[in-house]
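Asks: Just dropping this structure here.
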Amino acid sequence: MTTALEVPLDSKIREELPQPPTITQQSPKNYIVDPRENIVIRCEAKGKPQPRFSWTRNGTHFDVEKDPKVTMRPGSGTLLIDISGEKAEAYEGVYQCMATNEHGTALSNNMVIRQSRSPLWSKERNEPVLVQEGAPLVLQCRPPAGLPPPVIFWMDNNFQRLRQDERVSQALNGDLYFSNLKVQDTRSDYICYARFPHTQTIQQKQPITVKVLSMDAINETMAAFLNDTDFFGDSPVGERRPSFVVPTGASSSKMVLRGDVLEMECIAEGLPTPSITWRKEGGDLDSSRTSFKNFHKTLRIVSVTEADAGVYRCTASNHLGSVHHVITVTVRAAPYWVKAPKNLVLSPKETGVITCQATGDPKPDITWLINGILIANAPEDPSRKVEGDSLTFTDVQTGSSAVYQCNASNEYGYLLANSFINVLAEPPRILTAPDKVYQVITNTAAFLDCASFGSPVPKITWFKDGQNSALAGDRYEMHENGTLEIRAVLKLNSGRYTCMAMNALGNRENHVYLEVKEPTRILMQPEYKVVQRNRDVVFECKAKHDPTLVTVMTWLKDNEELPEDERLMVGADSLTINDVTEGDEGTYTCIVNTTLDQDSASARLTVVEQPDPPKDLELTDQRERSVQLTWIPGDDHNSPIRKFIIQYEDALHHPGIWKNLTEVPGTKTTAYLKLSPYVSYTFRVLAVNEVGFSKPSTPSRQYITKPAAPDENPSEVQGAGNEHNNLIISWKPLTGFQSNGPGLQYNVSWRQKDVEKDWTSVTVANVSKFVVSGTPTFVPYELMVRALNDFGSAPEPRVVIGYSGEDLPTAAPDGVQVLVQSSTLAEVRWEPIPLRTVRGRLNGYNVYYWKERSLHGHHTKHHKEQRVLTFSGNRTHGKLPGLEPFSRYALNVRVVNGKGEGPASSRQQFETPEGVPGLPVFLEVIKPTLDSLTLEWGPPSERNGILTGYTLKYQTLNGTELGQLKEISLDSNQTTVTLLNLKYSTRYRFSLSANTAKGEGPAATREAVTIVDEAMASRQVDIATQGWFIGLMCAIALLILVLLIVCFIRRNKGGKYPVKEKEDAHADPEIQPMKDDDGTFGEYSDTEDHKPLKGSRTPSNGTVKKDDSDDSLVDYGEGGDVQFNEDGSFIGQYSGRKERDTAEGNESSEAPSPVNAMNSFV
C-alpha cells in the first residue's frame, strides 16, 4: 500500500497547493456565555481556495444574513451576536459550522450555547437553632441552582471566613457540619455565600443563629414549664462512638467518567471528634494523583483512569470505637481517540487508508460522513470502501478530493474529526535551503537534510563533490524523509553534497556543505580540593577545541548556577573562590560549550577547619594513682581527628597553668591516666586534625589524689667549687607535682673519694645547692641528694662524682721552640707541665705572639697589637698563620685551667724570611711626545724583603692586535724611566712590578698614547672647514642613522647581530682621556675593577650607570682579565672590529667633530 504524502508546513508551498478545508479553531462543545456581553461563536478554517462558511442552529440552516443582530467576520466563520436590547437566552441552542470549497466541506463540533445564570436566593426565615452542648449539627446552605454551579463558602458579618477543622467542616454540597458542638459555637452570624463565576456575583443566605446550651442553662429554661423538674440532668450529651452523617448507611456507589475528577467524602459525628482514614481494598492509592482535602474527610483523585475503579473504605474512629463506610466506584468513559484520523494526500492511481479508532465505555458507534453528508446517502464511489473504522481508497483519480468526517459516540459524549483526501500531481520541490552548511564533530553522526515534496513522492539520491556515483555503503544511511546520515564522520567527509529529488513529473537538486570539526575536550580538569576555611582556592579548567569554533566556559555548583557572590571570580580558564566558607562546599562543574558540542568535568571542594572541642568529660574507675577519662568528640569539619591531647591543671601547686599529660589516637574517646600523689587534678581535652588544634574542652570536675613519699630524687646533681677550698653541691629541685606530699626536704651527703669511708650529711629545704667549706684544692668527692617529705623518703639515690674548687696553675711550659715554615707561617712547640701544678682541669694552652720590627733595619713606628691563639686540651704544639714576611716576632706560652692562666714561659724570638713585594704605590705617564713617553712610579708600601729591582713590560695596542712584548729591567732605586723611539699617535700598554730575592710581585698597569703630529692636526682643521667635507659628513651621519634603525628592528625581533653593533650602543667606561690642561693622563688606580678612571662618565652617586642592555664586558672575554686597545676599547675573543675613530683624550658623549672624524682618513 502506498504511503500517504506529507504536505510540507512551508506556508508558501501550502498556498500554492489545492487543499480541502480544515477547521483550525472553534468554540467549546459546551459554551456558557455571559448575558451581559455579546456572544462570539468561533469558527476558523483554512484551505485552497479559501473556504466559504455556513451555519446550522438546532439542526436546521441558520441564515445569518436575515438576522440583523448576527454578523460573520470577513474571511472567517466566526459569528458575532449583538444582544443589546435582546435576551441572550433567545440565542441559546446547538450550533454547527461548515467550511466549504471546491474540494470538500469540513464540519465543526456541535456547540451548545447556554446563558450563564445566577438566580437569587429564595426568601426564607431562619429560626434560631437551640442545640445541647456536645450534640451534632448540620447547617444547610441549599444555594440556588446556577449555570455553572456556584462556589460555596461560610463567613460571618465581618466577611471573615469561619474557622474550620476536624470538628467543623463544609461538605461538598456546601452544608456546614459540626461533629459535636461547644458553647463557643454560639453565634448569630452563620452566613452561607454563593459566588457565581461567570457573572462574578456573590449572593448570601439569611444569617443563621445557633445557640449552644449547657446543661445548667437548659434546666433553668425548662424548669418554668416542668415545675422545676431536672429534665436533662447535670451533664452534657455524653461521649459516643462515631457515626456517619455523609454518606448515610454502610455503603454507597459512585460513577465517574474517565479523565474527570473523583471526589468522595465521609463526614462523621461523635464525641470526641472522630478522625477519618481512607484505603482502597485490593490496591494502593496513586500518590501522584491522589490528595486528601477537608481535614482528611474528602478523597480526591484527578485524571481518573479505569484502574481507579474499585471499593474504597473510609473509617471514622475515636477512643470509643470506629465505623466504616464502603464506596463502590465505577469508571465509565466518553469516547476517546486510540488513533485519530489523519489527512491523506495521494497521487493519481495511488491507494490509501483513513483510520478512525476510538474507544470508550460503553464502546462508541462509528459513523462516516463525506462533506457533511452521511456516506450512505452520498453517491457511490467504486474507489472508496467503508470497513468499520477504516476508509480504503484504491486507484484514486484527480478530482476525488473530499473531506470525510468520523463520528464516534456513546451515551456519555461524542468525538468528531475531519480528515481529507487530497489527490495531487506535483513535480518535485526541494524544501531544504540551498547551500546550507552543516557543522558536526568528528566521530559523531551527520544528518544532511533533503526535505522535498512532490506527487508522486520523489525518490532522493545523494552525491558528493560532483561525483557521478550515488553514495552507498555501511557508513551511509538514507532515511525515508530524504535525510542522509553519515555515521562517525571524519575530516575526509567534509565537502559539498548534492541531493536529487526525482518523480515522473521531473527532478530537482540542492547543494549542502559539511564541515567536520575537532571535538572539544577538557585537557586540564579541576581537581579535588581540600581547603581550610577563610583560605582561597582555584579550580583550573583548560580545554582544547576546534580553532574555528568559539567556546563559552560555564561553572556550576551542585548542578546549579553559581550564586551571586563577589568572592567567586571566574577567569578565562579558572574559578577562584576567595575566603572560603562552609557554604562553598560542594561539587563544581566546568562546562565548555561550543555551538556544536560540549565537555564537562567536575571536582569536589571540601572545606576543613579546626575541629570543635570535645564535650561531656567524665571521670570513671577512680583509683589512688589512676583514673579513666571519657569524652564525646566534636565535629571534625571534614578533616579526621588525628589525636586527642589531654591536659591537666594542678590547682594545689600551679593553679591556672595547664600542662600536657598524654595523647591518644583520634579513633579513641577514652584514656587511662596515670596520676601522681598529692595533686588536685582538673582535666581538659583538645582535638587535633590536619588543620590544627581545637579549642580546649570544658574542664572536668576536680579529682584530688592522696599524698605519699616521693617517687624520685632530684636530677642534675653536680659538684664543683668556686673557690680553691670549697665544694658547691647543686641539684634541680623537685616540682610541687613531683613532691608527692607536704614537707619536701633534701638530704645532702658527701665524702672524699678513695679517702673517706663515712658520709657527711645535712638536711635542707627550699634550696637547690649546699656549700662545703675547707676542702682540699681540686680533689674528687662522691655526692648524693635524696628527697623526703612528711610521708617518707625517696628511693636510694645514685652517687655522683664532683670536684672541689680550682686554683691558678703554678708552672709555665718549658722547652718552647719555634719552627719557621714560610714567610707567613710558623710552628711553635712546648713541653707539657706536670698535672699536679695545673691545680685544676686542664683546658689548654694560650700562645701570645707579636711583631717586634721589620728586618729592613728600622723598628715599626706603631707597635702592633699582641695576638693570642688558644690550643685546647693537652696539646704540645700549634701553628701561627698570617705572619708578615721579613719580620721579627716574639712569643710566650701559658697553661690554662678553669680558674685562669698560669705564669708565662720564657720569651722566644723568631724571624720570617723574605716574600714577593706588593704592588707599586702608583704608576703614571708624564711628558708624552710624538715618539716618547716617561713613566713614574712609587715603590711598593709592602716590600716584604729587600728590593732587587723592577721589571717593566710594554707593547702596542692596535684594534684587536697586540704588538711585540718588550721587557726592561730597572734598578731598585729607580722611580722613573723614559721610553724613546715610540710610534706617534699609538696606544701602548705598560705593566710594572717590583722584585725581591723571593721573586716578582704583582704588576701595576697603565695605558697611554703618544701625541698626534701638529702639522697633520692643522690640515685636519682646514679640511673640516670645507663645504664638501661637511656634506660628506652629513651623508655619513644619515647612513649611520639608517643602520642603527635597522639594527634596532632586528634586535627587537630577536635576531642575531654582531658584537660590534652591541658595543657601539654602549659607552666604554674604561677609557682614560687626557687631562685638558696639561695633556697628562688621569691618576693611576690599582683597583681598576672597582673605581672609574678620571675623565670617565660617572654619576654623582659614585656608581656607573647601567645601560639599557644587559651586556657586560665579561660576556666577551675570559673573565675579569680585561685588555684594551690603544684607543681604550675592549679586546675580546672576536675579530674584525674596527678602531674607534676618535683621538685620545676626547671620550665625551657628544657627537664627533669633523676633526676627529678626519682621523680615519690619515
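Here the Cβ of each residue, glycine as well, is placed from N, Cα and C on the backbone.
Among the features that TrEMBL reports, domain 'Ig-like' is placed at 21-108, 119-209, 242-330, 335-422, 428-515, 519-606. The domain 'Fibronectin type-III' annotation in TrEMBL covers 613-708, 710-807, 812-915, 919-1015. Annotated region 'Disordered' per TrEMBL: 699-721, 1058-1162, in sequence order. Look at TrEMBL and you will find 1028-1049 tagged as transmembrane segment. Annotation source TrEMBL lists compositional bias 'Basic and acidic residues' at 1058-1078. The compositional bias 'Polar residues' annotation in TrEMBL covers 1145-1162.
Walk me through the surroundings of each of these features.
Replies: Counting residues per DSSP class in helix, strand and coil order gives 3 helix, 36 strand, 52 coil for the domain 'Ig-like' (119-209).
Across the domain 'Ig-like' (242-330), DSSP assigns 3 helix, 54 strand, 32 coil.
On the 0 to 100 pLDDT scale, the model's mean across the domain 'Ig-like' (428-515) is 92.
Per DSSP, the secondary structure of the domain 'Fibronectin type-III' (613-708) breaks down as 0 helix, 50 strand, 46 coil.
As a summary of secondary structure, the domain 'Fibronectin type-III' (812-915) carries 3 helix, 53 strand, 48 coil according to DSSP.
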Asks: Using DSSP, what is the helix/strand/coil residue split across the domain 'Ig-like' (21-108)?
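Replies: Secondary-structure breakdown of the domain 'Ig-like' (21-108): 7 helix, 47 strand, 34 coil.
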Asks: What does DSSP give as the helix, strand and coil breakdown of the domain 'Fibronectin type-III' (710-807)?
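Replies: The domain 'Fibronectin type-III' (710-807) comes out at 4 helix, 47 strand, 47 coil.
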